[in-house]
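Copied over from Swiss-Prot, here are the features:
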DOMAIN    1-69  domain 'KRAB'
REGION    67-86  region 'Disordered'
REGION    128-169  region 'Disordered'
COMPBIAS  132-151  compositional bias 'Polar residues'
COMPBIAS  153-168  compositional bias 'Basic and acidic residues'
ZN_FING   179-201  zinc finger
ZN_FING   235-257  zinc finger
ZN_FING   291-313  zinc finger
ZN_FING   319-341  zinc finger
ZN_FING   403-425  zinc finger
ZN_FING   431-453  zinc finger
ZN_FING   487-509  zinc finger
ZN_FING   515-537  zinc finger
ZN_FING   543-565  zinc finger
ZN_FING   571-593  zinc finger
ZN_FING   683-705  zinc finger
ZN_FING   711-733  zinc finger
Amino acid sequence: DDVALYFSGQEWEILEKWQKQMYKQEMKTNYQTLDSLGYAFSKPDLITWMEQGRMLFISEQGCLDKTRRTTSPPTDEQLDMKDTGKLPCFDHEGTLRTKEEDCRLNGPQKQDLGAALPGKERKILSARRDTFQSPSLQETEIPNKKVSITASDPDKKDLRHKPRETPGRLEIPTGPRCYSCYVCRKVFQVRRDLLKHKRSHSKSQLRRYPKYRNTSRGKSELRRTQRLLCQKKRFQCSECEKSYFLKGSLVTHQVVHTGQRPYPCPECDKTFRYRANLKKHLCLHRGERPFCCGECGRAFVQQCELTEHLRLHSGEKPFQCPQCDRCFRLKRGMKVHLSQHSGKRPFHCPECGRSFSRKAALKTHQRTHSEEKPFSCDECGRKFIYKIKLDEHIRVHTGEKPFSCPECNKSFRLKRSLKAHGLQHSGKRPFQCPECSRGFFWRNAMRAHQRLHSEQKPFPCAECGKRFTRPSKLACHTRVHDRQKEFPCGECKKTFSQQSRLTQHLKVHNTEKPFSCAECGRSFRRRAHLTEHTRLHSGEEPFQCPECDKSFSWKASMKFHQRMHRDEKPFACSECGKTYTHQSQLTEHLRLHSGEKPYQCPECQKTFRLKGNLKSHLLQHSGQKPFSCVMCGKSFTQQYRLTEHIRVHSGEKPFQCPECDKSYCIRGSLKVHLYTHSGERPFQCPECGKGFLQKRSLKAHLCLHSGERPFSCDECGRSFTYVGALKTHIAVHAKEKPSSL
């Protein structure tokens, strides 16, 4: 193809300094090359201009043509160079020629030149001799350069040719057509991408360039900008008083207030405010997700969604807060964050008056008042207000724990649990009470603690008027009043607060239990559960703690125990500040403050705070004592009672007093002993003020005031206040029986 490269005055101004230097060097190199080959021609004007330091651009009236292809260095007989009006142009090898060198070849020289070329090249040359002399040229564009092609060759009229690159010479792009940004020189293969990229430049940047000002778009935009700068935002929304320059922008905005959704989905009847949103939604029904992540394979409907997702892998956070320099991955995340600095919360809940910075957050909050729970679990049927809560709940069924601690490789189901765990490694408690400077891992725990200082209890019970600091405590308390409203199990009389939990519980009774224990006859649905149960009878403890060599029957018990070595107690009581290693321990502890006793004995209606206490109590009614000592045959209702009893035979006393080095086999005995050193008597009689070390001593003392004698002899019917007195009395009857015989 025939290409002639030249620079106009405007283009010469756009060129960078290094590009101008390269152009000058290229021109000098080409001139020296021709001169060394012995060509007879006068010095071109371009070289003269460079020596004189003049501007090196060509007026747009100048006509530059492309030369023939160079085969071998021509001789003086083949070319007779004229010294008329030399203008620079390039062949496909990048060699400098002049218009007369290539266009004004005399008759015999033309024949010699044609003879020196191959047949194909000779045909091309003969077909285009008239073209080189023709002044009628048509211009088209490639990025930042102008290319002249011959109008007399109709087959090549729309062809955009880019010569191949030559080392050390001016580079002209090759391959498919490219589109260049004239502000930053970035190149794009698709015109649409270039238009999108231009939006990243401010209008002030674009208006600096003559090429932009000369385009119709630039002129219209300049006129529009000047018009907008000279006028105010005349179109104001009557609802929120927001103003706009254009009426069309106001009409688009008002759809938000009217609630109008004129674009319905034909598949699911969902409606949309804008047609573009409907088109995106239809891609979901068609299953079209054309934008795929190369890292994890996840597919998206829109390119912008993929772009946002890729920042997860790259860690890029391009949006920075101007107030605190905090960075965000998404622009909307930064907008939400900015509302914290401004303090603006324009969206108010009509039910409770709570304010929100986003309308979407208000809508989600209103579900708490309407009790709408649109997200349900397919496994257990439990429903949730928020989708993120459903996603977290599903991990309970799948067992997935995607958040791993880099320090100890421990995994967590929730990200916030990992954050709280990480604070234990660092020892930081980021939330401090301003009153007493006490630290907390959680903001909610600190807020609940602050209510203790202010004595604020904003949550009253509707039945009895008792007030609580937290809604969770109120919920626990209301169970006492609502026991008749609970859902009881017809098989075992167990009650549940929700129908879904009762349904889940009924599966225990309805399913078969083919695996039975040979010792006690208890049945299980799974063999693994039976295996774990038999360890109670055999005393097998296969799981050993690597820290203290203590053994356990279950792996979960060992993990639970290991937290004690790590001093890991992430669950804190907001009332008294006591910490626990497990959530269930905290739940049981909170019942001390609320006074709740949710477990009731069906035989005597006695209530208990802990489920384990109820189970032990039921064994008294049934008379069962499943845990027997192999040494003396004594039986116990609970495992820990047997463990304490075995220490009597072994002589083990693991609990030692730090004051007097006295040792005990039971932890409770050590606690009572420590009161003797401190002088504390925690259990006081409300009648006479007398103090006692143990609770059972106080109960026995209260019988003196009430006159009650709960312990009676079966032989003679005599009653006693203390169980010890009854045992002494029974021994008297035992001694009398042999003598009477």
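Heads up, the Cβ atoms here are built off N, Cα and C, so glycines get one too.
Of the two recorded stretches, the zinc finger (571-593) does not lie close to the zinc finger (683-705), with fewer than three CB pairs under 8 Å once pairs fewer than 6 apart in sequence are set aside. Secondary structure of the zinc finger (683-705), assigned with DSSP and counted as helix (H, G, I), strand (E, B) and coil, comes to 11 helix, 4 strand, 8 coil. Cβ atoms under 8 Å from those of the zinc finger (431-453) belong to residues 420, 423, 469-470, 570, 572, 574-575, 577 of the same chain, restricted to positions at least 6 beyond its ends. For the zinc finger (403-425), the DSSP counts in helix, strand and coil order read 11 helix, 4 strand, 8 coil. Sorting each residue of the zinc finger (431-453) by its DSSP state yields 11 helix, 4 strand, 8 coil.
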